[in-house]
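Here the structure is laid out as structure tokens; the discussion comes afterwards.
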Amino acid sequence: MIKNHWMKKLKYLSLFFLLFAIYWFPDVILAYPEVYLKSLVGYERQVVATWIFLGNMSISLFLGILICYKLGYYKNTISIFKIKNLLFLLITTIILFVIYFFSYTYYNSHFITPGIAKTQAAFSIQIVFPFVQFITIAICAPIFEEASFRTTIYSFFKNDKIAYIVSCVGFAWMHTGPNPILIVYLPMSIVLTSIYHRRRVLGESILVHGVFNALLPIVIPLLQVITGLYYL
């Protein structure tokens, strides 16, 4: 009994790191362009980097989705499309945008240091075409991050309250590190974790996360124009 308990812990701990290894695999080409693309410059370099990255990303997505499917991570996904669940997700997404808008505006008014995620995004755009960055943040990030920080962490911890706290803090910290921008990512993480915590349906948090990431560059400037709030 005790042995099975610790084997289960080891299984999900290993799975957490495996999912992130697969998730970050395509970023090798972004992290070391001077090694892989040393002889290329300008547009030619960007084209080659983009195709290599897309190839690696396709492999990563296939492996990640396959692993999660085999482990039953996507069970009850169809239930998302019930009217009451769609309405809940729509309202939650709107709330998420509003919370992010105010926390992000406050952060920009008082701090200038970018977080890890923002720095990585700015760097990657210099190497591959912008549409690749969009695919990464709107599709890859939600699939891998939600699987790791929601279902895997909830499977690792027997106590749901501990799992909730670790999921919220861990997700936010992964994006920011020891940085004041944590005040932006922590509320976002709490909302996404709460979505998963409600029914334990991974597809719901993936959907909201993906829509949020995809529309963020449009919604935030729009809210700034509508409210007139650029600083808090």
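Glycine is no exception: its Cβ is also placed from the backbone N, Cα and C atoms.
Marked as transmembrane segment by Swiss-Prot on the basis of sequence analysis: 12-32, 47-67, 86-106, 124-144, 165-185, 206-226.
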Exercise for the section: Decide whether the stretches the transmembrane segment (165-185) and the transmembrane segment (206-226) have at least 3 CB pairs under 8 angstroms, with pairs required to be 6 or more apart in sequence. Expected result: no
Fill in the blank from the handout: Residues outside the transmembrane segment (206-226) whose C-beta sits under 8 Å from one of its C-beta atoms, at least 6 past its ends, are 80, 89, 92-93, 96-98, 100-101, 104-105, 134, 137-139, 141-143, 145-147, 188, 191-192, 195
